[in-house]
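**Q** I am attaching a structure below and will ask some questions about it afterwards.
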Amino acid sequence: MAKVKCWVESMRLRTLPVSTSGVVVACGYACAHESFRWVPAVLCLVFAVLAQIASNFANEYFDFKNGLDKKGRAGFRRGVTEGDISPDAMKKAVVLVLAAACAVGCGLIPFGGWKLIPVGALIAVFALAYSAGPYPLSRIGLGDVAVLVFFGLVPVCLTFYLQTGYVSADVVRGSIAIGLLGVNVLVVNNYRDVDDDRQAGKRTTVVRFGRPVAAWAYLLFGFVGVALTFDLWAARWWWGIVPAVYLCLHVGVWAKMRKRSGSALNPLLGATARNMLLYTFLLLGAAILG
């Protein structure tokens with residue numbers, strides 16, 4: 001059981017809303033356009049989860065291999081670094097989970113055609129490129145951009161396209177909104193690890209611009225995300241109360257974030273993912289009922 005717990009921790013389940021939110025929002029938009037289809041929706045959801053788990057495993061493996069992690073780090077326990085999981089086992093897990101994601105992705109070909117193969121290959125490459133290669137995105141300050149694209153634009157637009165055959169402007173705005181909320185999860189993570197990252201030579205945006213700028217960016221991204229989806233809340237005047245609930249929670253986490261450091265930020269990482277998931281389902285409801 002202890003070994004299973006180590007693997008579950010390495011999956012980083014608290015952050016999985018980052019991958020699932022885009023698919024859920026896309027399904028809401030598909031319902032609004034009267035084009036929802038169960039099979040591609042479920043396949044996209046499973047693919048997104050597997051791709052993120054593979055990326056999380058790869059991040060743990062390559063950070064250990066490159067000497068970027070150390071025992072007793074401020075973040076969540078990492079099995080490879082702590083010796084609970086062998087590097088070879090983690091490497092095999094990356095390949096296995098990524099292969100499973102590709103297999104699921106093949107099930108989407110009947111809905112989107114063979115052109116999905118290069119798209120899926122690109123997603124697989126970037127799942128690894130976040131932590132691996134000569135210029136890992138997480139080390140050169142492009143992790144935030146990667147999250148915006150591959151947890152916002154790509155899952156929302158692709159999932160919607162596979163159900164409808166087109167992509168509309170409102171869906172693109174929604175994809176950027178979800179992407180920004182996903183970036184906030186990474187901001188908290190890097191905000192917590194800023195000292196360790198600086199010592200390890202990782203040039204995250206928090207290392208580059210400092211904690212104060214990162215905290216204000218976190219606050220801004222939440223408000224911009226709501227603004228980008230304003231069309232859904234404008235359908236009925238009293239719906240303005242709904243995003244206000246999210247914004248209150250968002251501001252609350254931001255206020256705590258500015259006062260904490262190190263492992264004390266771990267609960268706020270989960271809270272940020274929770275808030276993202278909450279707003280995702282609020283958007284889903286607004287899209288369906290609107």
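Using the three backbone atoms N, Cα and C, a Cβ is placed for every residue, glycine included.
What you see is a predicted model, and the numbers here were worked out from it, not measured in a lab.
Straight from TrEMBL, here's the annotation block:
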type: TRANSMEM; residues: 12-32; note: transmembrane segment
type: TRANSMEM; residues: 38-58; note: transmembrane segment
type: TRANSMEM; residues: 93-110; note: transmembrane segment
type: TRANSMEM; residues: 116-133; note: transmembrane segment
type: TRANSMEM; residues: 145-162; note: transmembrane segment
type: TRANSMEM; residues: 174-192; note: transmembrane segment
type: TRANSMEM; residues: 213-230; note: transmembrane segment
type: TRANSMEM; residues: 236-255; note: transmembrane segment
type: TRANSMEM; residues: 267-289; note: transmembrane segment
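So that I understand the layout, could you describe where these features sit and how close they are to other parts?
**A** Away from its own ends, the transmembrane segment (12-32) comes close to residues 41, 44-45, 48-49, 51-53, 56, 76, 147, 151-152, 154-160, 163-164, 168, 170-171, 174-175, 178-179, 181-182, 185, 269-270, 273-274, 276-277, 280-281, 283-288, 290 of its chain (Cβ-Cβ under 8 Å, at least six residues beyond either end).
Beyond the transmembrane segment (93-110), the same-chain residues lying 6 or more positions past its ends with a Cβ under 8 Å from any Cβ of the stretch are 7, 40, 43-44, 46-47, 50-51, 53-54, 57-58, 61, 116-117, 120, 123-124, 127-128, 162.
Outside the transmembrane segment (116-133) by six or more residues, the chain places 51-52, 54-55, 58-59, 61-63, 94, 98, 101-102, 105, 108-109, 143, 146, 150, 154, 158 with a CB less than 8 A from a CB of the stretch.
Note on the transmembrane segment (174-192): residues 15, 17-18, 21-22, 25-26, 29, 74-75, 143-144, 147-149, 151-157, 204-207, 211, 214-215, 217-218, 221-222, 224-226, 228-229, 257, 261-263, 265-266, 268-269, 272-273, 275-276, 279-280, 283 of its chain, located 6 or more positions outside it, place their CB under 8 angstroms from a CB of the stretch.
Long-range contacts of the transmembrane segment (236-255) within its own chain (CB-CB distance under 8 A, at least 6 residues past either end) are made by residues 215, 218-219, 222-223, 226, 229, 268, 271-272, 275, 278-279, 282, 286.
Within its own chain, the transmembrane segment (267-289) has Cβ neighbours under 8 Å at 14-18, 20-21, 24-25, 27-29, 31-32, 174, 177-178, 181-182, 184-185, 188-189, 192, 222, 225-226, 229, 232-233, 235, 239, 242-243, 245-246, 249-250, 253, 256-257, 260, counting only residues six or more beyond its boundaries.
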